[in-house]
Amino acid sequence: FLLPKSGANGTAITEFILLVIFVLFLLAYVVTVGGNFSILAAILVEPKLHTPTYFFLGNLSMMDIGCISVTIPSMLGHLVSHKHTVPYGACLTQLFFFHLLVGVDCFLLTAMAYDRFLAICQPLTYSTHMSQTVQRILVAASWACAFSSALTHTVAISTLNFCGPNMINHFYCDLPQLFQLSCSSTQLNELLLFAVGFMMAGTPVVLIVTSYIHVAAAVLRIHSAEGRKKTFSTCSTHLTVVAIFYGSGIFNYMRLGSAKLSDKDKAVGVFNTVINPMLNPIIYSLRNPDVQGALWKVLLGR
């Protein structure tokens, strides 16, 4: 932050900038939470949406609410109070829950790709292979894997010493920024991040790509052009979310070797924590008439 500087009329320019930032992030937070709660409400009230696909989508909406709630409210509180310090314990707590929720997102997106694979490639056995028990097991496994990853990173970062600069060039605590501040060697931590990241992101990406290769092969076997378009349209929203989620995540964590983190990293952080969760309800409702109809029921109180 810059020191306050008075303008021609005596007003503090920096105060005005902070107010604008506060309003923008507050608006984004309200829109994101409201949009994802609307998706959850639509799934609950519309019987057509009581399917495995929307069960996973409902869980994804809850993760999006959690991700933005872990980072934005604390930042808004700091802007209002002008207190820009974060206790060490609170920083590690934020780091843990952020990686926990993002990790669950990774595996939920994989479960949704598996759901599309079964629905399109193995429709006769879909209800058996994607029963309610299987759905719950997939969600529970997502939480277990994400918890292990988040706990590993949090314990590893707690072993580092921080004895030099203590200014985080970001609006929330994350691994790349904390690595920059450590006066200990972070080589092992960075290797751990790549190793765990490969398991948490690389494995789901491989499974998602494999699922959609089989889906694409099944779609191409459909003789009707209208049938191919209708079948693949059910996957396009999920593919869009996957591309945005993994694209921004890879850019954010694959640049640890850079000597200095720039404002581009903060912009990517904003995309990960604010824009991505805000876009998900829009993407999933934009081309889905069932979700749109259910949302109108919720909005009209019917």
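Each residue, glycine too, has its Cβ placed from N, Cα and C.
It should be emphasised that the depicted structure is a prediction, and the values quoted were computed from it without experimental measurement.
Annotated features in TrEMBL:
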type     : residues : note
DOMAIN   : 35-284   : domain 'G-protein coupled receptors family 1 profile'
TRANSMEM : 16-44    : transmembrane segment
TRANSMEM : 56-76    : transmembrane segment
TRANSMEM : 96-117   : transmembrane segment
TRANSMEM : 137-157  : transmembrane segment
TRANSMEM : 191-220  : transmembrane segment
TRANSMEM : 232-254  : transmembrane segment
So are the transmembrane segment (96-117) and the transmembrane segment (16-44) touching or not, going by 3+ C-beta pairs under 8 A with a sequence gap of 6 or more? no
Across the domain 'G-protein coupled receptors family 1 profile' (35-284), average pLDDT on the 0 to 100 scale: 84
